[in-house]
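Okay, structure first, notes after.
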Amino acid sequence: MGRVSFSVRVSSVRRARCSCPGRCYLSCRVPPTTALRALNGLGCAGVPGETAGGAVGPGPLGTRGFLSGSKFQAPGSWKDCFGAPPAPDVLRADRSVGEGCPQKLVTANLLRFLLLVLIPCICALIVLLAILLSFVGTLKRVYFKSNDSEPLVTDGEARVPGVIPVNTVYYENTGAPSLPPSQSTPAWTPRAPSPEDQSHRNTSTCMNITHSQCQILPYHSTLAPLLPIVKNMDMEKFLKFFTYLHRLSCYQHILLFGCSLAFPECVVDGDDRHGLLPCRSFCEAAKEGCESVLGMVNSSWPDSLRCSQFRDHTETNSSVRKSCFSLQQEHGKQSLCGGGESFLCTSGLCVPKKLQCNGYNDCDDWSDEAHCNCSKDLFHCGTGKCLHYSLLCDGYDDCGDLSDEQNCDCNLTKEHRCGDGRCIAAEWVCDGDHDCVDKSDEVNCSCHSQGLVECRSGQCIPSTFQCDGDEDCKDGSDEENCSDSQTPCPEGEQGCLGSSCVESCAGSSLCDSDSSLSNCSQCEPITLELCMNLPYNHTHYPNYLGHRTQKEASISWESSLFPALVQTNCYKYLMFFACTILVPKCDVNTGQRIPPCRLLCEHSKERCESVLGIVGLQWPEDTDCNQFPEESSDNQTCLLPNEDVEECSPSHFKCRSGRCVLGSRRCDGQADCDDDSDEENCGCKERALWECPFNKQCLKHTLICDGFPDCPDSMDEKNCSFCQDNELECANHECVPRDLWCDGWVDCSDSSDEWGCVTLSKNGNSSSLLTVHKSAKEHHVCADGWRETLSQLACKQMGLGEPSVTKLIPGQEGQQWLRLYPNWENLNGSTLQELLVYRHSCPSRSEISLLCSKQDCGRRPAARMNKRILGGRTSRPGRWPWQCSLQSEPSGHICGCVLIAKKWVLTVAHCFEGREDADVWKVVFGINNLDHPSGFMQTRFVKTILLHPRYSRAVVDYDISVVELSDDINETSYVRPVCLPSPEEYLEPDTYCYITGWGHMGNKMPFKLQEGEVRIIPLEQCQSYFDMKTITNRMICAGYESGTVDSCMGDSGGPLVCERPGGQWTLFGLTSWGSVCFSKVLGPGVYSNVSYFVGWIERQIYIQTFLQKKSQG
């Protein structure tokens, strides 16, 4: 096969390589608490299998990535890093010559290079390795010493009776040992301390804690060490182990855990003194967080610190008030969470204290609800939550631990009993949902009863899985007897964006309705900003991650993950690999994708997967390296990088040292480059940006005078045009004559001359006077000849529903009037202002006062109002009657949407990426199961799609669109509009709201509507979760810090709604981007802020309803 190369290579000449190519940088910044920011603090990753002397071997730490540093510093100033991997000239050579450096140097310059750079890096590595491994070895020696067991020590070997000896290899120039990867640390089984060991009673004096590192402890006095390992080990050495783990940020409170072992709290009980060791839950949290880091040096959590030896905080002791030291001690909360307004969860997460005992699982482990008191008329759940007794035995897990569904009496004629004793409604049996934990409600069910299709083998699959190109039936029967329009394209044949295969899209009736010349062409230009500096310029979709468009790729998890991972320097060619799967190269001759070579994928995964593991993330499952061809294949071409391929993407800032940091870190007040170059020249002018006078915010020049204010005082939209005295300035800074303003005809290209022409103003009696603007002046309307149909037109034009009251109010002397044209009924005008003309008098001297009633919205007559569950679950019909499904043929469901009026729907703009033709879309209402038609279902075609003009695919900002339906919906209990907020109505942080949609639950999209309750998170806190995106006031963050429920329960365009007093529900957000469904560490979802866009939404509806026909005419 042919390998694509972007430069001429000479494979016979190799440059010497070292473990830190050209440099070893260090960063003393403590890694941030979030997962993506934590990656930045890891520094550089090492070369697997490379020994200090350059020989090919298993690696000094026996892992695929190891800790290293450039130089040794005194204790307290040590800087840990992951060494950067080598930049091989040709990846192919890596397998033939191994990962080690060549034995012979070609030139004296290379020798000098090794002496000055390689040796300090290796020395620093050895020091850290020695500390970690010597600690493990010390644990072993101390344990046998404390248990009167003497190991036999020889040169390089430690022999323990009954234990296979472990060889320790020493370098000649150092005393640092290395453990081969095939061997593991033996498990010692010392005597477990008895309960008395954990709370030693004696009469010794309590001592003050003087060790500087342990001043973080929430107590000040201690006893002599209690654990044998601490007694028989140097204290500095013991604490240094936890200090290094702390700097690796594997667990927020790891240093506190180590200090609580070294200095147990001294508790006075009369004449006795006893010390408290950490609680078992504290130990388990520390072990869970840091064991993966220890695994990177082929070690494990020390058996001498096994958690089973510690007491559980729930254990009681009649003579001791506290049995162990817990993170949840009242006097320790303030210092551990950084303030008295926070609560410390058992997991170590800090949440606002006001969230404690509020009935919500904010900690993800219910510890914020664990010690709450319930009133007598409420049921106390096992999780600590308080419930009304009416919620017991109703089939819903309201408690979160099923404690409200235990010991229930089932009516077997109407209910089904699950294996755990829970009772569920009989209609839930065989409906395709696993309502029972043991899934007994879906046993022996026909596929049809679940709304599914039966394979020949009897397996059930959704109907949309038929003829989709994937064999979902184990016997492959779902891909048999497929028509040509459904058959996936054979290799080498051009295909549309959908699934049909054609020779050309132009004029072909075989093309799917959502295909076009642009997306059916062989190649398309790369527009994904992240990959704009590739050696190729065209791509072909779908990509290797399953994204169908570049827009879908830009908002994917991988588009945020890979740039953040690049910062760790785990692999020089990681960004190149990421782009080859996000925007695959398109062969201009064949129109086919060119995949990356398998070796490139394998190297990327081997060197960077362990870094993800440290922060609890996994390598993207769709990047299975076996799907890519070997370089030596004869029948397929694959991609390998040039030596000079650019490591930093356009979304990164390149430090002077060459390191890549995210562009969002540029000029953020914190030095991310090792040379601080990212914090230099940070003024707006120095960066060729425009500066807002009020807050010194920097704006791109393309945002100045574009019709949308960006500065807080709107100064970026001032002095943008020079209109004459007889002209007025449009919102887009065009000039229009005054006498054309609010005349019922569109003169500004953005229609702004006809905005807000009809309003209601209050007078002294609190009546709402009808006011109409003509020629930029306000006028009251004379009541002479007024009809009720005009009141209806006025209320409708203002988007205020039907008129409920029309009054005639006495006018004032000398005011200016607008009167109806004598023949107004024959004018066929669509707006009120074009039916009125200026007059000096009004014979009746009466003016119009209106009271418009908003349409009834946000009601759920068919919902079971008291059924709510944290953590997300399948919803029931009628609970969310405004939820709709935006669909196209043949793809089916694409996005969620929200009904806001009988003919109007909201969704996000990115759903229409590359598919803005209204003819290919339809909207389905009143449906819960996408694969099962409902008797309440209504379908409408799309008439108009209106994307926000400021929508940006690069930053996913202004992500909103208004959709006009072909016909009004029929309002029922299952199809009803939601309320819109007022422009001034914003959500307070820590408000709880609901998200709904057909989101992602596992590998495939669920076909039942999902719902989940989420908490509103402040924007400043939200920004800390997302390095690659900027959180603006046009966005809302919602979810939980723990990631339990986020918008993976919903899908793009789906609603975020909050209940208001009176039982009405208001739409505050549309699911936009942010959440990662299979990770609990990346934080909340991000939603378009509907309150910000209410004015724009109402304006679009007004323009389409009243002005569009006139402007087209």
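Don't overthink the numbers, they just go from 1 along the chain as shown.
The backbone N, Cα and C atoms fix where each Cβ goes, glycine too.
Now, the feature entries from Swiss-Prot:
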type     : residues    : note
TOPO_DOM : 1-112       : topological domain 'Cytoplasmic'
TRANSMEM : 113-133     : transmembrane segment
DOMAIN   : 201-327     : domain 'FZ 1'
DISULFID : C279-C324   : disulfide bond
CARBOHYD : N317        : N-linked glycosylation site
DOMAIN   : 336-372     : domain 'LDL-receptor class A 1'
DISULFID : C357-C372   : disulfide bond
DOMAIN   : 373-408     : domain 'LDL-receptor class A 2'
CARBOHYD : N373        : N-linked glycosylation site
DISULFID : C381-C399   : disulfide bond
DISULFID : C393-C408   : disulfide bond
DOMAIN   : 409-445     : domain 'LDL-receptor class A 3'
DISULFID : C410-C423   : disulfide bond
CARBOHYD : N411        : N-linked glycosylation site
CARBOHYD : N444        : N-linked glycosylation site
DOMAIN   : 446-483     : domain 'LDL-receptor class A 4'
DISULFID : C447-C460   : disulfide bond
DISULFID : C467-C482   : disulfide bond
CARBOHYD : N481        : N-linked glycosylation site
DOMAIN   : 518-641     : domain 'FZ 2'
CARBOHYD : N519        : N-linked glycosylation site
CARBOHYD : N537        : N-linked glycosylation site
DISULFID : C570-C608   : disulfide bond
DISULFID : C597-C638   : disulfide bond
CARBOHYD : N635        : N-linked glycosylation site
DOMAIN   : 647-682     : domain 'LDL-receptor class A 5'
DISULFID : C667-C682   : disulfide bond
DOMAIN   : 683-721     : domain 'LDL-receptor class A 6'
CARBOHYD : N719        : N-linked glycosylation site
DOMAIN   : 722-757     : domain 'LDL-receptor class A 7'
DOMAIN   : 758-853     : domain 'SRCR'
CARBOHYD : N765        : N-linked glycosylation site
CARBOHYD : N828        : N-linked glycosylation site
DOMAIN   : 869-1102    : domain 'Peptidase S1'
DISULFID : C895-C911   : disulfide bond
DISULFID : C1022-C1037 : disulfide bond
CARBOHYD : N1089       : N-linked glycosylation site
Secondary-structure category, per DSSP, in which C638 (disulfide bond) falls: strand
Stretch among 201-327, 373-408, 409-445, 647-682, 869-1102 sharing the most Cβ pairs under 8 Å with the domain 'LDL-receptor class A 7' (722-757): 869-1102
Summary of DSSP states over the domain 'LDL-receptor class A 3' (409-445), given as helix, strand and coil counts: 6 helix, 6 strand, 25 coil
Composition by DSSP (helix, strand, coil) of residues within the domain 'FZ 1' (201-327): 53 helix, 18 strand, 56 coil
The domain 'LDL-receptor class A 5' (647-682) touching the domain 'LDL-receptor class A 2' (373-408) per 3+ Cβ pairs under 8 Å rule: no
Residues in the domain 'LDL-receptor class A 4' (446-483) grouped by DSSP into helix, strand and remaining coil: 9 helix, 4 strand, 25 coil
Alpha-carbon spacing, C324 (disulfide bond) to C381 (disulfide bond), which is rounded to whole Å: 25
Candidate with sparsest Cβ neighbourhood (10 Å radius) among C447, C597, C638, the listed disulfide-bonded residues: C447
Other C-beta atoms that fall within 10 angstroms of the C-beta of C279 (disulfide bond): 27
Average pLDDT across the domain 'LDL-receptor class A 3' (409-445), rounded to a whole number: 80
Spatial separation of C447 (disulfide bond) from N635 (N-linked glycosylation site) - C-alpha basis, Å: 42
Residue numbers, six or more beyond the limits of the domain 'LDL-receptor class A 6' (683-721), whose CB comes under 8 Å of its CB atoms: 667, 729, 731-735, 750, 950
Residue from C372, C408, N411, N444, N828 whose C-alpha is spatially nearest that of C682 (disulfide bond), among the recorded positions: C372
Candidate with sparsest Cβ neighbourhood (10 Å radius) among N373, N1089, the listed glycosylation sites: N373
DSSP helix/strand/coil residue counts for the domain 'LDL-receptor class A 7' (722-757): 6 helix, 6 strand, 24 coil
Neighbouring recorded positions, C-alpha within 10 angstroms of N1089 (N-linked glycosylation site) - of C381, C399, N481, N537, C570, C1022: none
Structural state of C682 (disulfide bond), classified by DSSP into three states: coil
Integer Å distance between the CA atoms belonging to C895 (disulfide bond) and N373 (N-linked glycosylation site): 43
Rounded distance in angstrom between the Cα atoms of C408 (disulfide bond) and C372 (disulfide bond): 25
